[in-house]
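Asks: Annotated active site, proton acceptor per Swiss-Prot: 66, in sequence order. Taken from Swiss-Prot, the feature Zn(2+) 1 binding site covers 62, 64, 139, 210. Residues or ranges marked as Zn(2+) 2 binding site in Swiss-Prot: 66, 67, 210, 268.
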């Protein structure tokens with residue numbers, strides 16, 4: 001699970017930050033899941049090592065332009081490139097109407113099938129590896145945060161030990177690898193767990209934007225390995241945060257602390273904190289770390305690989 005920030009600015013792009021979009025790369029299945037798609041996202045993809053042809057799912061938090069204005073252009077470009085892969089899009093009611101209107105009035109025919117799913121709180125996608133759920137956040141319009149939970153996996157299967165027990169290779173190995181109990185031809189029973197190493201704990205990521213401090217964020221982020229949370233304003237600008245229903249850096253840190261996450265990655269910064277102003281984002285980082293020390297600032301093209309088994313986390317840029 002590899003997170004790449006494609007846009008980290010709030011509202012409008014700046015010279016160094018595009019508007020909201022995050023890519024979650026799943027190398028084991030050659031897929032990319034996109035979270036929000038602000039204007040210019042496809043340009044950011046071209047500047048990265050990510051392949052738009054691998055995008056299989058897109059999750060939209062809410063219908064503000066800085067989170068959706070890049071979506072139709074990206075879908076059109078993927079279609080023009082000849083990709084025949086289906087794309088599933090999840091977002092608020094109205095997202096499907098918006099995309100249909102864009103396609104109609106721009107005379108755009110998508111080569112691939114695009115399915116739009118209107119979301120509501122709860123589990124919205126599940127397969128053998130992952131569960132994705134959402135919760136309502138607190139913003140000026142309906143907005144949802146997302147939680148991506150990888151399922152626990154059995155530890156490494158000990159083939160040598162299985163051979164020593166006289167277990168013949170074949171389909172039975174598959175059952176044992178899953179931790180199941182099997183009966184051998186001689187009637188003896190073997191517990192799969194006894195042949196596997198320690199269970200690999202599934203990794204968890206929460207994405208919360210746009211929102212002010214709320215219980216929905218805490219619920220989504222509970223015990224997450226990584227919480228990606230908006231930090232539009234500094235603490236001293238809390239009045240602006242309440243007025244616009246956005247978070248301060250201290251609110252993001254309070255969510256991380258309450259949810260007992262491992263790492264907080266702050267994003268969605270107001271352009272008012274560009275270098276040269278009385279406050280810049282280093283001040284936001286200082287404020288957040290006073291509450292939740294393991295806090296980092298996201299920036300465009302930051303890549304972070306979520307480690308397995310909740311090992312010590314380290315940032316890496318590609």
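The backbone N, Cα and C atoms fix where each Cβ goes, and this holds for glycine too.
From a predicted model like this one, the values you see are computed outputs, not experimental measurements.
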Asks: Using all protein chains shown, find which of the binding-site residues 62, 64, 67, 139 scores highest when you count other CB atoms within 10 A of its CB.
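Replies: Most Cβ neighbours within 10 Å: 67.
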Asks: Once the DSSP letters are reduced so that anything not helix or strand counts as coil, what is residue 67 (Zn(2+) 2 binding site)?
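Replies: Reduced to three states, the DSSP call for residue 67 (Zn(2+) 2 binding site) is helix.
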Asks: Give me the CA-CA distance between residue 210 (Zn(2+) 1 binding site) and residue 268 (Zn(2+) 2 binding site), in Å, as a whole number.
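Replies: With distance taken Cα to Cα, residue 268 (Zn(2+) 2 binding site) is 9 Å from residue 210 (Zn(2+) 1 binding site).
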Asks: Under 8 Å Cβ-Cβ from residue 66 (active site, proton acceptor), six or more apart in the same chain: what's there?
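Replies: When sequence neighbours closer than 6 are ignored, residue 66 (active site, proton acceptor) has 9, 10, 11, 12, 19, 20, 38, 39 within Cβ distance under 8 Å.
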Asks: Residue 210 (Zn(2+) 1 binding site) has how many other Cβ neighbours within 10 Å of its own Cβ?
Replies: 27
Asks: If one looks at the chain holding residue 268 (Zn(2+) 2 binding site), which residues at least 6 apart in sequence have a CB under 8 angstroms from its CB?
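Replies: Long-range Cβ contacts: 8, 9, 10, 20, 209, 210, 230, 231, 232, 246.
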Asks: Around the Zn(2+) 1 site (62, 64, 139, 210), what further same-chain residues have their C-beta within 8 angstroms of the site's C-beta centre?
Replies: 61, 63, 67, 137, 140, 141, 143, 209, 211
Asks: Would you list, in sequence order, the residues of this chain other than 66, 67, 210, 268 that have their CB within 8 A of the centroid of the site's CB atoms, where the site is the one recorded for Zn(2+) 2?
Replies: 10, 11, 19, 20, 36, 38, 61, 62, 64, 209, 230
Asks: Provide, as an integer number of angstrom, the distance between the C-alpha atoms of residue 67 (Zn(2+) 2 binding site) and residue 139 (Zn(2+) 1 binding site).
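Replies: Spelling it out, the Cα of residue 67 (Zn(2+) 2 binding site) and the Cα of residue 139 (Zn(2+) 1 binding site) are 14 Å apart.
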